[in-house]
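Visitor: Before I ask anything, let me first share the structure, which is written out below as structure tokens.
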Amino acid sequence: MSTYLLRRLFQALVLLLIVSAVGFSILHLAPGGPLSQFAAGGEMTQADLDRIARDMGLDRPLPVQYAEWLWHMAQGDWGRSYRDQQPVLHIIVAHLGATLELMLTSTLIAMALGSWIGILGAMRRYSLFDSLATIGAMIAVSIPTFWFGLVVIWLFSVTLGWLPAGNRYTVGDGSWLNQLHHLIAPSMVLALVSTAVWSRYMRSSMLDVINQDYIRTARSKGIPERRILFRHTVRNALLPMITIAGLQLPTLLSGALVTETIFTWPGMGRLFLDSINYRDYPVVMGILMFTAVLVLLGSLVADLLYGLADPRIRLA
Amino acid sequence: MIPAQNPAAAAAPVLRAAPRRRLRNPALRRFCRHRLAVFGACAVTLLTLLCIAAPPLLPYSDTFIDIRARFTPPGGSSAHLLGTDQLGRDMLSRLLMAGRISLAVGFSAMLISMVIGVCVGLVAGYYRGVLGTVLMRFVDAMLCFPSIFLLLAVSAFIEPSVSSIILLIACTSWMEVARIVEGQIRALRERDFTLAAHAIGAGDARIMFRELLPNAVAPIVVAATLNVAHAILAESYISFLGYGIQPPTPSWGNMLDNAQTYLESAPWLAILPGAMIALAVTSFNFIGDGLRDALDPRMEGR
């Protein structure tokens with residue numbers, strides 16, 4: 001296990017370096033580079049721009065700038081926002097809670113609902129339920145999240161008036177019931193794609209396990225079907241889903257951005273969009289790097305958990 | 001003996017077999033059995049034809065502003081079949097013109113991303129070693145960035161136009177293809193026919209493009225179809241958020257941009273363009289699924 005752990009950690013570290021290089025390149029190779037927000041006004045002369053470039057250290061060779069940038073990033077100095085001079089990392093962390101709350105809730109919904117659909121679909125393969133679930137999953141991943149969000153708002157907020165159309169809580173009402181009420185619609189919207197993906201992988205994983213020898217052995221031993229299903233099949237079928245949960249992270253983050261925009265949810269995605277509107281590049285780059293690192297860590301943790309849960313993996 | 005045979009009798013079995021010959025191709029037969037895929041193919045064809053041919057035939061152009069007729073609901077007026085928007089522009093006309101842009105973005109972005117993805121995958125899978133490892137780790141790193149974040153971050157730097165949006169989407173969606181191609185090529189280059197090609201003195205480029213690539217075409221075609229779906233969806237996302245195709249050029253995404261404002265009074269402004277996106281994307285996904293079953297029968301029903 002320790003060799004596996006070390007190798008996996010080393011891979012993640014290498015990947016982190018490449019990710020940081022890609023992020024740095026996007027910032028610097030984009031037309032205008034980090035200076036573009038100064039040049040955009042048109043009031044600055046070339047001499048002014050040169051001076052700013054020198055002050056910001058932008059006249060030095062790129063590898064030197066990259067090394068320095070990386071060193072600052074590693075120390076937690078992610079720069080300061082152009083808008084209010086707050087440290088970038090501080091701003092991101094302040095908005096992280098709302099996003100995590102949304103992502104966690106919708107992941108729980110997706111896991112519960114998706115597993116149930118996947119298991120039932122695999123047990124009754126090619127039944128009406130299975131076909132409907134297949135078509136439904138295909139449609140669910142094809143619908144734009146923002147559109148589904150608009151339809152949910154139109155139906156549940158505008159027409160029926162059951163759910164609030166946005167925000168995390170009603171101003172002046174801090175009760176958890178109120179927060180929960182506000183959480184329902186956005187987490188439902190965000191969970192749609194994950195539920196569909198989860199159900200497909202769960203079904204596929206169930207079908208893999210059902211054909212294994214040990215299921216046949218269990219059946220020939222005379223173990224009741226229910227017990228085979230839950231103790232043998234589902235338990236083993238859930239193992240590869242740990243990886244899927246890790247792989248879902250980028251999709252989930254992208255979905256969160258859109259969902260937060262529609263439901264005026266004060267999370268990281270909305271902060272990202274606001275920062276783009278204000279041309280607040282340090283925050284934009286900070287969030288871009290932050291999400292990439294989050295995805296990287298997510299897949300690392302998923303792999304390690306999979307290794308812990310399934311002893312067969314550690315040998316590979 | 002042979003000249004004495006009745007020509008009609010000899011032709012008869014051929015004639016009877018003729019209708020079946022059309023579907024002798026097993027892949028085509030499997031594709032046609034996949035009803036959803038056939039539906040998808042029909043829907044895409046119909047949608048594309050409508051978007052290309054229909055706009056000039058409609059009574060109102062997509063840019064004609066009829067301020068007195070604004071917010072006409074669908075079916076509310078015989079002249080505006082699908083109603084009008086907040087400026088009184090004909091929705092049907094706008095939807096079809098937007099379809100031209102959205103479908104064009106989808107197809108063009110797919111083509112470019114396939115070229116990038118296939119080339120990277122081919123080189124990485126064929127040469128392996130340091131070059132292959134570096135390329136594939138770069139692919140891994142690119143995949144760490146959530147696609148919408150990456151799209152928005154870069155689109156904030158550039159001047160938005162149809163061609164820059166196409167390039168942008170292509171540059172952020174080639175990685176999956178590269179992974180698929182790399183895996184295929186890695187396996188194929190171990191096969192005997194690659195050795196044989198080497199033995200007759202074929203160069204690297206010839207082996208890659210003439211021997212290996214044609215053998216990997218099935219998963220590439222599937223990935224290409226799914227890539228169109230992805231590109232249409234990506235365009236709609238960034239246009240909806242205001243960084244994609246800029247008005248007055250309509251696209252399905254930017255038609256939804258300010259629809260949220262009128263959600264209460266004119267829900268069709270939000271529902272119709274979204275339904276078009278959903279229809280187009282679902283159709284391409286259905287086709288991709290059908291192609292996967294048709295071209296790789298082992299995966300059927302999974």
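Note that Cβ sites are derived from N, Cα and C of the backbone, with glycine treated the same way.
Sequence annotations record features per position, and here TrEMBL assigns domain 'ABC transmembrane type-1' to A:96-306. Positions annotated as transmembrane segment by TrEMBL: A:12-30, A:102-123, A:135-163, A:183-201, A:237-263, A:283-306.
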Visitor: Is it true that the transmembrane segment (A:183-201) and the transmembrane segment (A:283-306) have 3 or more Cβ pairs under 8 Å, skipping pairs fewer than 6 apart in sequence?
Guide: no
Visitor: Under 8 Å between C-beta atoms and at least six residues away from its ends: which parts of the chain pack against the transmembrane segment (A:135-163)?
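Guide: Residues 117, 181, 184-186, 188-190, 192-193, 195-197, 199-200, 255, 258-259, 261-263.
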Visitor: Applying the under-8 angstroms CB criterion, which one of A:102-123, A:237-263, A:283-306 scores highest with the transmembrane segment (A:12-30)?
Guide: A:283-306
Visitor: Which bits of the chain, at least 6 residues beyond where the transmembrane segment (A:237-263) starts or stops, bring a Cβ under 8 A of a Cβ in it?
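Guide: Distant contacts of the transmembrane segment (A:237-263): 98-99, 102-103, 106-107, 111, 115, 119, 122, 144-146, 149-150, 153, 165-167, 185-186, 189-190, 193-194, 197-198, 201-202, 205-206, 208-209, 269-270, 272-273, 291, 294-295, 298-299, 301-303, 305-306, 309-310.
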